[in-house]
Amino acid sequence: MKIALLGTGNMGKAIANIAKSSGKHELVAELNAATTLSTDAFKDADVIVEVTAPDAFLTNLDLLLQADRPIVVGTTGWYNGIEHVKAKVLEANGSMLYAANFSLGVNIFFRLVHEAARFIAPFEDFDIAVSEQHHTGKIDAPSGTALKVAREILSALPSKTSIKTELPAKGKIQRDELLVSAIRLGSVFGQHSVHIDSSSDSILISHTAKNRQGFAQGAIEAAEWLVRDGGQKGFFSMDDFLNEILSSPEKK
C-alpha cells in the first residue's frame, strides 16, 4: 500500500515508522503544515493518512477530496462540523474513515464503558464521570477520545443527557450532565478514566497509552481496510471497521 502522510508531528512520525518497518507499505509523500498542497502531491498514493490539526484538516478538505484517494483522518477537534464534513465526502463520492483514536485497546475500552453504562442505567444510586490526561502539547481539550467515551455513555445511560466540559464557577453540576474533565501534564501520552460511584462502592475503568504505537498501527490497519477491493466509498468511523472485523468468521 502506497501512503501519502499529511502531518509530520509526533503521531505522523509514529505512523511513518510503522509503515516503513512493515515491509509491505511505502511512504510516497510526507507532507507537513509548511507544504504548499496540490492534488499532485497525492498522485502516487493509494491512501492519504491525515494527522495535522483541526483547522488545517478543514482548510484542506476540498483539496483532499479532489485528490480522489481514500482518506484516513486521525485529527480530532473538528467533530462539531462532522455533518458538514460527511456531506462533503458523500457529495464528492469520496472515501473517508475517521477515528477519535485508532488504538485497538482504546476501542475495547469504548465498548467496556458502553456496557458499564448500560449495566448501571436501572440503578439511580450510581453516578458517572470521565477524566483524561495528556501532555502539555496537546491542542484540544477534552480530547477527542474523551468525548467519544462520553458519547458512548450518553448512548447507553438515559439519565445523562448532555456533556459538561467544565464546572460552573458557582453552583453545581446537574444530575443529567456528564462531566468530562481534562488535565495537561508533562509528557503523558494519554490516560482516560471513567469513574462510577454509588453510596456503597466505586468502580474505575481506565486506559493508559504507553506510547503512540497502538494508534499508529491501528491507523495503518484502518487504511488497509479502506483501500481494499479498489477502495470503499462512503463516510466511515472506526466502529464500521471494527464491527466488520469482529463479525468476520475468520477473525473469530
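Cβ atoms here come from the backbone N, Cα and C positions, even for glycine.
Remember, it's a predicted structure, so these values are computed and weren't measured experimentally.
His134 (active site, proton donor/acceptor) counts 25 other C-beta atoms within 10 Å of its own C-beta, drawing on all protein chains shown. Under the DSSP three-state reduction, His134 (active site, proton donor/acceptor) is assigned to strand. Under the heading active site, proton donor/acceptor, Swiss-Prot lists His134.
Feature annotation from Swiss-Prot assigns active site, proton donor to Lys138. Around the Cβ of Lys138 (active site, proton donor), a 10 Å sphere holds 18 further Cβ atoms from the protein chains shown.
The NAD(+) binding site annotation in Swiss-Prot covers Glu30, Gly74, Thr75, Thr76, Ala99, Ala100, Asn101, Phe102 and is backed by sequence analysis. DSSP assigns Gly74 (NAD(+) binding site) to coil in the three-state reduction, placing it in neither a helix nor a strand. Its own atom aside, the Cβ of Gly74 (NAD(+) binding site) has 26 Cβ atoms within 10 angstroms in the protein chains shown.
Among the features that Swiss-Prot reports, (S)-2,3,4,5-tetrahydrodipicolinate binding site is placed at His135, Gly144, Thr145, with the record citing sequence analysis. A C-beta separation below 8 Å, combined with a sequence spacing of at least six in one chain, links Thr145 ((S)-2,3,4,5-tetrahydrodipicolinate binding site) to Thr76, Ala100, Asn101, Val106, Glu132, Gly190, His192.
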TODO: Tell me the Cβ neighbour count for Thr76 (NAD(+) binding site), meaning other Cβ atoms within 10 Å of its Cβ, over all protein chains shown.
DONE: 24
TODO: Rounded to the nearest Å, what's the C-alpha distance separating Thr75 (NAD(+) binding site) and His134 (active site, proton donor/acceptor)? Just drop the number here, would you?
DONE: 15
- [ ] Specify all same-chain residues, apart from the site residues His135, Gly144, Thr145, whose Cβ lies within 8 angstroms of the center of the Cβ atoms of the (S)-2,3,4,5-tetrahydrodipicolinate site, ordered by sequence.
- [x] Thr76, Ala100, Asn101, Glu132, His134, Lys138, Asp140, Ser143, Ala146, Gly190
